[in-house]
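Sequence annotations record features per position, and here Swiss-Prot assigns Mg(2+) 1 binding site to Glu130, His243, Glu342. The Mg(2+) 2 binding site annotation in Swiss-Prot covers Glu132, Glu187, Glu194 and rests on similarity to another entry. Per Swiss-Prot, the feature ATP binding site maps to Glu182, His245, Leu246, Ser247, Arg322, Arg327. The feature L-glutamate binding site is assigned by Swiss-Prot to Gly239, Arg296, Glu310, Arg322, Arg344. Annotated domain 'GS beta-grasp' per Swiss-Prot: 15-100, in sequence order, evidence recorded as sequence analysis. Residues annotated as domain 'GS catalytic' in Swiss-Prot: 107-453.
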Amino acid sequence: MDKQQEFVIRTLEERDIRFVRLWFTDVLGFLKSVAVAPAELEQAFDEGIGFDGSAIEGFARVYESDMIAKPDPSTFQVLPWRAEAPGTARMFCDILMPDGSPSFADPRYVLKRALARTSDLGFTFYTHPEIEFFLLKDKPVDGSVPTPADNSGYFDHTPQNIGMDFRRQAITMLESMGISVEFSHHEGAPGQQEIDLRYADALSTADNVMTFRLVMKQVALEQGLQATFMPKPFSEYPGSGMHTHLSLFEGDRNAFYESGAEYQLSKVGRSFIAGLLRHAAEISAVTNQWVNSYKRIWGGTERTAGAGGEAPSYICWGHNNRSALVRVPMYKPGKTGSARVEVRSIDSGANPYLTYAVLLAAGLKGIEEGYELPPGAEDDVWALSDAERRALGIEPLPQNLGEALALMERSDLVAETLGEHVFDFFLRNKRQEWEEYRSQVTAFELRKSLPVL
């Protein structure tokens, strides 16, 4: 055993931990778990735990279903809601084939593969997500309209703000697991919260996002609430995004920073943004993977909701412009390490492993191909007419999942990044979701048409 594995075994004994949950995600980003006893963990480190891959969305067909979950000891943490003895801990797993080779179906491996290519180019990829979600009073039944847990608004600090106690307990849990939080506050809509995680390497951040979602749901359950990461659960309120700040480092140097350049943004940073823009439409099915995702992007309320409700609809960048798809935040003098770009289209229901992989691939393509960055958007992009946007070369994002899938299907970049297995399954699964949605007769249609037609 190596030192990390020895630390895990020793901690289990010292803290009387009786269960270890081994976590991984399916292709769509749903968390999976298998529990093992501490006595089995040494063998799990050596050989992994076998399971039926055909039972996991997108993993394997029934006639080739044997797969192995091998725990990554660097991700070991004690679960804070099982802190009383005997306790429970968790580790994320890498998914392997029976011969020990990585499974191409594993979203974590998709990101690892992209990060390995990044490392070969001399870069380290860092991400920092701002995660929005709603707290609901109770679980809606049979598609009924949900009820927000409070009526507070952006940055509100009021006695009836249920979110304050919720966020305090949730952040305490996160930090006890080594997940650092930068900020938290009430967002713009009733019941809507935002918690921002501190910068970390992209793989750690993706693991942290998955942990974050479970912690939020666990704390909500304990408080008699429901936490949802659905992109847009309310027609009348802004949706929930996962705006993510990205940066590349070469060793200790921020590759996006250049003293004296416009916005202190280096050529590497400019080409990275150009890559994000050029490939934005074709990666949208990954960054915004649900039918409901496009209600957030094109829902209308985003444009008038004020603070916290600015979901981008058009492909452009801007300096400190929150109507743009990619924002270059204001540079803080003396803080060269803080140079970064913010991608604002991602929603809270995205699979973070696949999302970070395609964002990275798009940005690196811009660097490798020397893409030129178009002029930035200086105005409120939503306030422009279609003709004005066309004159500026500003194109729209896909308007629905069907459009996004058609663009993804033709994308060599997405196919290469996800790999054939994940790419094919993702398209099949999402086409089915789109067709099921298109065939529904909605409450809107019945309300508008049934009485008069």
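Every residue gets a Cβ built from N, Cα and C, even glycine.
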For the binding-site residues Glu130, Glu132, Glu187, Glu194, Glu342, the one whose C-beta sees the most other C-beta atoms within 10 angstroms: Glu187
Candidate nearest Leu246 (ATP binding site) in space, where candidates are the binding-site residues Glu130, Glu187, Glu194, Gly239, Glu342 and distance is Cα-Cα: Glu342
Residues near Glu182 (ATP binding site) in space but at least six apart in sequence (CB under 8 A): His128, Asp196, Leu197, Arg198
Sparsest-packed of the listed binding-site residues (His243, Arg296) - C-beta count within 10 angstroms: His243
Binding-site residues clustered about Glu310 (L-glutamate binding site) [Cα within 10 Å; pool: His245, Arg322, Arg327]: Arg322
Arg344 (L-glutamate binding site) CB neighbourhood, other CB atoms within 10 A: 19
For Arg327 (ATP binding site), nearby residues of its own chain (Cβ under 8 Å, 6 or more apart in sequence): Trp317, Gly318, His319, Asn320, Asn321, Val341, Glu342, Arg344
Neighbour count (Cβ, 10 Å) for Leu246 (ATP binding site): 24
Cα within 10 Å of Gly239 (L-glutamate binding site) - qualifying binding-site residues among Glu130, Glu132, Glu194, Ser247: Glu132
Cβ packing number for His245 (ATP binding site), 10 Å threshold: 18
All-chain count of other Cβ atoms within 10 Å of Glu310 (L-glutamate binding site): 23
All-chain count of other Cβ atoms within 10 Å of Arg322 (ATP binding site): 17
